[in-house]
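The block underneath contains the structure these notes are about, expressed in structure tokens.
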């Protein structure tokens, strides 16, 4: 992809015209003209029907300009029906079908639910060590060794970094559902080793394996959900991934409640994670493979079968036509890792990496790490109560985001989210430094923390994992998502490692002020580089972000 073509999605004129070069034979031209003539209309709404062939609209617009007749079809009539591109704040052409979609006889929700078991495991493994660390440290004889305790915590993040980079390659080679099943191996073995460990070395190995598992999960859950979801609800279903991560973290919190009465309960906490791992493997055995991956592999009949299961038999021809249009004339092999850094793809890949970098550098993990101390300053002495308040705010905000994703759009939620995070970080910083606010510093700090978590969960949390599979071309999608998730885990690890050192050196107020600055930079970057994708099929987005080769 040329760098300039990334801006095409933000308001280019006549995008998709390149597809004319891919048409072979007048018969196909005739079919495309008929499609345009019968199914398109101009609209001022901001919605776009799932599965509508963008290449047909572009072809109609191009042919209309020729003013030539073909099989009795008037080009002047076609021109009146053709859809013109408009430059409007990053939106593509607004298209709607002349007839509304009928109710689908397929079902996608059970399979999204199965994939979300991976998201639950993601959140659970992240959160389980927080309550269990004190008790497992005593049991394993490392209560006085802060370094080894740090390794128990950070081994998961190191493993997740490795897993996130391998998840894309596995998904491309073996398919999405088979990769889920392979991922269960490190997830289950890691949980088992943690639960039965008699030494800190075994615990660290178990955490490393579990980390590899959740790293793979972090890449393939949003990828799979994005590729199997209908366009009209893809945003809501995609954001469910983040919601279930939050639920997994809350589940880990709840699992730690019996620890006070039973110090050995920490082993059960780790062992419980085996159950959803096994359920994930069994569920994926019965789940359809991504139709897009099957189509790329040339497994046309299997792709049609998957589409029938997911969307219903009445939409098989429509979705297959869209897949065919997206790849027509392309004989390119699957992309390699170095292709991601080529001039063709780097612009859009850099956007994915930058979103996850901003997500972490904006301070979400630092706020969560420090929330207990903040709440204690406000008189809330219970760690469980403090964590529950933060967790509840996260779940609530993510649930609201799910309902808004397909109405407000991804970009607007990102801008609102980072703007709210900047304001709340500024409030937190001032509550620690302004003497005039000293009598209210505790309540203001709590309000700032909750507002920050709410703002994060509205956009910065769920949108990047949803948006990236949408803007990446199918040829690079799995590997590009993995690369972006790798940035997430690396920055997560670095912040966890150095946050307290920065607080000691500069003070918490200055660190929070720095986070506010990062959030403002994110707003400027998103406004200039991120595109809106709501209501558009993955194939439409790919065609708009591509140029003919």
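Quick reminder: no glycine exception, Cβ is built from N, Cα and C everywhere.
Away from its own ends, the transmembrane segment (108-126) comes close to residues 156, 180, 183, 187, 190-191, 210-211, 213-214, 217-218, 220-221, 224-225, 228-230, 237, 240-252, 255, 272-273, 276-277, 279-280, 283-284, 286-288, 310-311 of its chain (Cβ-Cβ under 8 Å, at least six residues beyond either end). The transmembrane segment annotation in TrEMBL covers 108-126 (among others).
Marked as domain 'Major facilitator superfamily (MFS) profile' by TrEMBL: 111-534.
For 146-168 (among others), the entry in TrEMBL reads transmembrane segment.
Under the heading transmembrane segment, TrEMBL lists 204-225 (among others).
Long-range contacts of the transmembrane segment (237-258) within the same chain: residues 108-109, 112, 115-116, 119-128, 130-132, 221-222, 225-226, 229, 265-266, 268-269, 272, 384, 387-388, 391-392, 394-395, 398-399, 401-402, 405, 457, 461-463, 465-466, 469, each at least 6 residues beyond the stretch ends and with a Cβ under 8 Å from a Cβ of the stretch. Summarising the annotation, TrEMBL assigns transmembrane segment to 237-258 (among others).
Residues or ranges marked as transmembrane segment in TrEMBL: 264-286 (among others).
Positions annotated as transmembrane segment by TrEMBL: 348-372 (among others). Using a Cβ-Cβ cut-off under 8 Å and counting only residues 6 or more beyond its ends in the same chain, the transmembrane segment (348-372) has close neighbours at 1, 6, 340-341, 383, 386-387, 390, 414, 418, 421, 425, 449, 452-453, 456, 460-461, 463-464, 467-468, 471-473, 476, 480-481, 483-485, 487-488, 491-492, 495-496, 499, 503, 508, 511-512, 515, 518-519, 521-522, 525-526, 529-530, 545.
Among residues of the same chain six or more beyond the transmembrane segment (412-432), those with a C-beta under 8 A of the stretch's C-beta atoms are 355, 358, 362-363, 374, 401, 404-405, 440-441, 444-445, 447-449, 451-452, 454-456, 458-461, 463, 507-510, 512-513, 515-517, 519-520, 522-523, 526-527, 530, 532. The feature transmembrane segment is assigned by TrEMBL to 412-432 (among others).
The transmembrane segment feature in TrEMBL is assigned to 444-468 (among others).
Same-chain residues lying 6+ beyond the ends of the transmembrane segment (480-500) with a Cβ under 8 Å from its Cβ atoms: 153-154, 157-158, 160-161, 164-169, 215, 218-219, 222-223, 337, 340, 345, 348-349, 352-353, 355-357, 359-361, 363, 365-366, 369, 464-465, 468-469, 472, 511. Under the heading transmembrane segment, TrEMBL lists 480-500 (among others).
Positions annotated as transmembrane segment by TrEMBL: 506-527 (among others).
Long-range contacts of the transmembrane segment (506-527) within the same chain, counting only residues at least 6 positions beyond its ends with a Cβ under 8 Å from a Cβ of the stretch, are 354-355, 358, 361-363, 366-367, 370, 411, 414-415, 418-419, 421-423, 425-426, 428-430, 432-433, 460, 499. Counting residues 6+ beyond its ends, the transmembrane segment (264-286) has Cβ neighbours under 8 Å at 114-115, 117-118, 120-121, 124-125, 128, 131-132, 135-136, 139, 177-178, 180-181, 183-184, 187-188, 191-192, 194-196, 206, 210, 213, 252, 255-256, 258 in the same chain.
A Cβ distance under 8 Å defines the sequence-distant neighbours of the transmembrane segment (444-468), meaning residues of its chain 6+ beyond its ends; these are 218, 221-222, 226, 234-235, 238-239, 241-243, 246, 352, 355-356, 358-359, 362-364, 367-368, 371, 374-375, 377-378, 380, 389-390, 393-398, 400-402, 404-405, 410, 413-421, 423-425, 427-428, 430-432, 437, 480-481, 484-485, 522, 530, 533.
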